[in-house]
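S.K.: Sharing a structure with you now.
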C-alpha cells in the first residue's frame, strides 16, 4: 500500500489550505507534520529538503515537492481533476490563476496593520463581487453545466468553492447575486468527502486569529 502524502507546513491555512481542499475533494488521505517553531523550519532547511528554503513541502511518491501550484497540479493530474486534454487544462489553469490572485489577498490580509486590514477587506469584497464572481457566474451561464470545464469536477471548481467559503467569512451575503455559484457551492459541499472536511475535527484549518498570527510571525520571522 502506498504511503500517504505527508505535508510540512505551519498549523494554519496559509498556502496549504487549497491543497487540503483538493485532496478532500479527491477523497485522498494524508498526514501532516506541523512546523511549530522557527527551529523546526530551520531544520528542514538545513536538511536540504526545501528546494527554495520555503514551505509548504509535500512528500509524495518519492518526491519532496515545493511550490503550492506545482503541488496542486501534481495532485490534480494524479486524481483526474485536471481536464481531459490540453484545452481543458488551459481553461482550468486560467480559472485557477484568477482565483489565486484573490486567494493571495485573503492569505495575507490578517497580517496587515489596522486600517490597512480594513481597506484590504473592502478591496477583496469589491473584487469578488465585481470582478471574480461575475466572471465565473458568466461561465456557468454560457454552458449551463454543473462544473466549470468539461462538465466534470476539476481543481478550478474546488478552488472556487474554497474561495466562496473564505469570502463568506467576510460577508455572509456575498453570493446573494450569484445563483449559479450558490448551486456550485451546494453541489460540492454535498460531496461526502467535502461534507466530512467541512465538519469540526477535520483537517480543515480554522480562520486565522491573533494567536495563530503571532505564532506564524515567530516561525517565519516577519
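Each residue's number is its place along the chain shown, starting with 1.
Cβ atoms here come from the backbone N, Cα and C positions, even for glycine.
Copying in the features that Swiss-Prot gives for the protein in this structure:
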- 9, 45, 54, 55, 67, 68: glutathione binding site (BINDING)
- 3-83: domain 'GST N-terminal' (DOMAIN)
- 85-208: domain 'GST C-terminal' (DOMAIN)
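Could you place the listed features in the three-dimensional structure?
M.R.: DSSP assigns residue 45 (glutathione binding site) to a helical segment in the three-state reduction. For residue 45 (glutathione binding site), the same-chain residues lying six or more positions away in sequence with a CB closer than 8 A to its CB are 53.
Under DSSP, the residues of the domain 'GST C-terminal' (85-208) split into helix, strand and coil as follows: 87 helix, 2 strand, 35 coil.
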S.K.: Sorted by position, what residues of the same chain at least six away from residue 68 (glutathione binding site) have a C-beta under 8 A from it?
M.R.: 15, 16, 18, 19, 56
S.K.: Sequence gap of 6 or more, C-beta under 8 Å: which same-chain residues meet both conditions with respect to residue 9 (glutathione binding site)?
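M.R.: Long-range Cβ contacts: 15, 16, 32, 34, 35, 55, 56, 57.
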